[in-house]
Every structure is written in structure tokens, then in C-alpha cells.
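Below is one structure, written out as C-alpha cells; the observations come after it.
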Amino acid sequence: MKQSGRLITIEGAEGVGKSTCVSVVEQWLREHGLRYVSTREPGGTSLGEQLRTLLLDPESGTIDPVAELLMMFAARAQHISEIIKPALARGQWVVCDRFTDSTYAYQGGGRGLSELIIGQTEDLALQGFAPDLTLVLDLPVEDGLARVASRGDKDRFEREQMDFFERIRQTFLERAATGVHYRVIDASGDEAAVANLVRQTMDSFIAEGT
Ligand code: Z5A
């Protein structure tokens, strides 16, 4: 295994268990004696967290899809330069709850922006920077929404309709079929079962020496 850090992103639609998965990956990294930073998107920096507040707040109303796209990538550009790249340069691993695939899923699949526009913005903001491993947690939309149904007020995304979330799930699965760094994880089992799948995936990743 290389000694340098790796960027692991955790993706999926609402309530699939991303935060729970982050904890499992963190535990796995600790067991392997690997130093890491955990973070999230949109967010992870002061600027990113302020953008997150605006993006999730229902009081922001209907944000133009292109404006929403640019806010996501503005937060991400800051996140990469301020947090992610410095951590990787120190040899730390980075575990990130959501990343660019969420933009393709939500602003592309969900809001209807073209892959071309998202790709051009990605090129501008990321300049080829990409995760080493992306775990896509997959679950029927209604099951994910049921898991988070008991939470209080819904944010601006959670207020969307079922077909919005179906398109998001589909986009994640389509993207996962396009690259070798994706692993789709069946998130329909209980927490222990999903944790086992995540741990097995991490074992394979490290065994591959990537
Ligand atoms: N967004 C975007 O549009 N474009 C972008 O580029 C990016 C983001 C980066 C913020 O995301 C919003 O930003 C998001 C997309 C948009 N939309 N929304 N809303 P977020 O990640 O902060 O919010 P979220 O997707 O709503 O996450 P979440 O609802 O908190 O879900 P989660 O992290 O995937 O799940 P969890 O917190 O781990 O688990 C949810 C509940 O299920 C909890 O009670 C767990 O105990 C339970 N759980 C977890 N695993 C299981 C299993 N296996 N069985 C049963 N119950 C379980």
C-alpha cells in the first residue's frame, strides 16, 4: 500500500446512511493506524459552511439551478484548497461525506442541468482533482426517506418530490458504472450488515494497493 493519503468520498441519496458509513470508515482507518480528516460537502470550511447554510435554508427560496451549481463548486474549490489537498499532502486520508458526484446527481439528475455544463464547471473548479475511492450507498428512495422521516424541519432539498430523488438515485448508479474508483454498496440491510459491506470494501481497496 502507498503511504500517502487517499480521498474517500461517500455518496448517495437522502437517508441512505452516509454519516453512519463515515463512522465505519473512520473506525477502519483507526484500526489500520492511518491518520485521517473527516469532512463534508457542502461545507468543511468557514466559507463552505456559510454557503451550506444558504443552500439548505428554505428561506433562500428557489435558487436558480446555475447559481446553485456555482455555489456547490465555490464551496468545493475552497474545501479542496483549504482542507483536502493540505491533508493529503501531510499523508492523511480524507473521508468526505458527499463530493462532486452529488452535484451530478442533484444539480444534474435532480435539477436538470446538463452533464456538459457540470463537467465544464468541474474542470474549472477541480482541474482534474478526483477521489481515489467513492462509496455509493444505494437504497430504494422510499426506504431512505423513511429513515429520516422522524427528523424535524425539512431543508430546501428534503422538500422535493419523490421523482426528484428517483432521478438522483439513478444518476448515482449511472455514474458508478463509469469509473473504476466507484463501489456500490447495498445499503438496505441493517446497520451491522451495511458496516460489514463497507469494511469488506475497504479491505479490498487496501489489498489492491491503490
Ligand atoms: N447537495 C447538492 O445538491 N449538491 C452537491 O454537490 C452536494 C450536496 C455536495 C446536504 O446533504 C444537501 O446538499 C443534500 C444534497 C445537497 N440534500 N439534502 N437534504 P447532507 O449530506 O447533509 O444531507 P442528507 O443527504 O440529507 O444526509 P442525511 O439525510 O443525514 O442522510 P445520511 O447521512 O445518508 O444518513 P445517516 O444520517 O447516516 O442515517 C439516517 C438515519 O438512518 C439515522 O437515523 C441512522 O441511524 C439510520 N440508519 C443509518 N443506517 C441505517 C441502516 N442500515 N438501517 C436502518 N437505519 C439506518
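First residue shown is number 1, and so on along the chain.
Yeah, the Cβs are placed from backbone N, Cα and C, and that goes for glycine too.
Where the annotation comes from TrEMBL, it is an automatic prediction and has not been curated.
Residues annotated as domain 'Thymidylate kinase-like' in TrEMBL: 10-195.
Per TrEMBL, ATP binding site is recorded for G12, A13, E14, G15, V16, G17, K18, S19. All protein chains considered, the CB of S19 (ATP binding site) has 11 other CB atoms within 10 Å. Taken residue by residue with DSSP, S19 (ATP binding site) is part of a helix.
In this structure, A13 (ATP binding site) belongs to neither helix nor strand by DSSP; it is coil. Sitting within 8 Å of the Cβ centre of G12, A13, E14, G15, V16, G17, K18, S19, and not among those site residues for ATP, are the Cβ atoms of L137, L139, G144, R147, V148, A187. A simple Cβ count within 10 Å picks out one of the binding-site residues G12, G15, G17 as the most packed, and that one is G12. When Cβ neighbours within 10 Å are tallied across all protein chains shown, the highest count among the binding-site residues A13, V16 belongs to A13.
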